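In what follows, a structure is listed as structure tokens, so that the remarks can point back to it.
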Amino acid sequence: MLGVCYYPEHWPKERWKEDARRMREAGLSHVRIGEFAWALLEPEPGRLEWGWLDEAIATLAAEGLKVVLGTPTATPPKWLVDRYPEILPVDREGRRRRFGGRRHYCFSSPVYREEARRIVTLLAERYGGLEAVAGFQTDNEYGCHDTVRCYCPRCQEAFRGWLEARYGTIEALNEAWGTAFWSQRYRSFAEVELPHLTVAEPNPSHLLDYYRFASDQVRAFNRLQVEILRAHAPGKFVTHNFMGFFTDLDAFALAQDLDFASWDSYPLGFTDLMPLPPEEKLRYARTGHPDVAAFHHDLYRGVGRGRFWVMEQQPGPVNWAPHNPSPAPGMVRLWTWEALAHGAEVVSYFRWRQAPFAQEQMHAGLHRPDSAPDQGFFEAKRVAEELAALALPPVAQAPVALVFDYEAAWIYEVQPQGAEWSYLGLVYLFYSALRRLGLDVDVVPPGASLRGYAFAVVPSLPIVREEALEAFREAEGPVLFGPRSGSKTETFQIPKELPPGPLQALLPLKVVRVESLPPGLLEVAEGALGRFPLGLWREWVEAPLKPLLTFQDGKGALYREGRYLYLAAWPSPELAGRLLSALAAEAGLKVLSLPEGLRLRRRGTWVFAFNYGPEAVEAPASEGARFLLGSRRVGPYDLAVWEEA
């Protein structure tokens, strides 16, 4: 199904009916509204003006459209900020943020939590029983604009309580944090401050706990809203729209309270922000990198326990990246079908009409500001027509699992030990290598069952808890661990037995030294898989095992014991591809050597091919394949769908 984000409050009421009619005629079924409308719903304290929203919902419902109603807590109104200025967050430099944008509140503020409770309750009581309202989106893009981590007095107070609940005694905290170092010992929890504005870097254990606390505060704020919506809107779904390449909060944890996950897909903006080689950025400037959207579809399908929506789909140029090119003709259609191929239940475009005013006036919509349809509209309408003629099969478990850990991202943010070290970069390297082989991937959290997967990839898991170790033990196929796995304890210390810590129960080896390498400084590793120049990161391993790859100094780069492999270096794309191809072959999976820019995804018995390149390519379909969309020749920025005989 397809949907759209709509802002009736931005347009004259006389236009609403025509907009709703055109939405229906375009094949759209769902419309998200209301997520930034608090000041219009409550222009003054206690004076509620529901009439316009009542009318907007009724107008959409009259055309058979289903409404996704956003709770308006991402934008507290000016009168609320003036009455309670303490709700404004404080940045890491100690500066109080101001009114005039969005997301201007602190998750720990008791006052703001009560105000959020009040407005969400009123909203749910009024609209929770309406047939036209299919469900609710809580808030909007938690953490956008660097807002997960606040440094206000309320956060400090709440953090102290969080620490006491976690450690019980200040002696236990001192032991966990290693506060004997630099004379950091605390006599009570009341002495612990937030980890910022220190002369030298803060204690890494302190920082990690603060990041955990901040993520927990977002989850608590979201849960407050979910509980209200469950009570007053039974039978309605509750979701939240997460962001791309964003790790400040643990989406796996937060989504436990949701019916499914949603995310906002902007492939061109994300590609422009990625640390890609310049030539690759140029190659995919108008399409997005072929694995950007797919990675997030697979991630948020995992976050949503098998269910996800794209709540905002890029329809044209955006306004927030360093450069904002227009999508190549056909890409809006391709992105939409790609989301559906990965299991999206709804793809909703942002937005119906480009705003002529304010901060996002340069952000394209399905229509121009003068209401004329734009590129995205025509491509969305085509998808709707194609969808009407097809019944998508269910999504099956992928053959490969990739273990993704938000806590790992926090640990490497706290202690990268190398300027180029990026957890997301390493994850993306492995994910992209799998996709280039034509393999489908499920992204799962640590501790998720790995049964049924041909093999699993763990790009890096610094803290290995018992539930994760048990899942690795029960895995039926090979498990590949990347560098720095098992390198930290839960309190951010080096394991007494040395890394990989608990993984030594699976792999008899010790990492005794590590180094980060500046760009251009390479170590060569070679073995049965080939010869590979490697950079960025290298580890020295002691093990009673014969390495599968060896550095030129004779030290091992890749080890294996039974089903388990450990890679003691940052892999090159070539090494990742060769190693993953070997594991796939061992597991009996068919791998392909796909042309540059071509990617596949299977959904049931259907195979989807997406061509991100400027040249036509041949679809890797069998002779007897039955094409449902397109043909064996997949044109530039086009797709094909077929069913194998």
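Backbone N, Cα and C atoms are what each Cβ position is placed from, and that goes for glycine too.
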Further binder of Zn(2+) named by Swiss-Prot next to CYS150, CYS152, CYS155, taken from the candidates CYS106, CYS144: CYS106
Further binder of substrate named by Swiss-Prot next to ASN140, TRP320, GLU360, GLN361, MET362, HIS363, taken from the candidates ARG102, ARG113, ARG283, ARG286: ARG102
Fewest other C-beta atoms within 10 angstroms, as judged across GLU141, GLU312, GLU360, which are the recorded positions: GLU360
Residues that sit under 8 angstroms from CYS106 (Zn(2+) binding site) by C-beta distance, when 6+ apart in the chain: ILE87, LEU88, PRO89, VAL90, TYR112, CYS150, CYS152, ARG154, CYS155
Cα separation, GLU312 (active site, nucleophile) to ASN140 (substrate binding site) (Å, whole number): 11
Integer Å distance between the CA atoms belonging to MET362 (substrate binding site) and GLU141 (active site, proton donor): 20
Euclidean distance between Cα atoms of GLU312 (active site, nucleophile) and HIS363 (substrate binding site), Å: 12
Which of ASN140, GLN361, all binding-site residues, has a Cβ with the fewest other Cβ atoms inside 10 Å: GLN361
Least buried by Cβ count (within 10 Å) of the binding-site residues CYS150, CYS152, MET362: MET362
ARG102, HIS363 as binding-site residues, winner by CB count within 10 A: HIS363
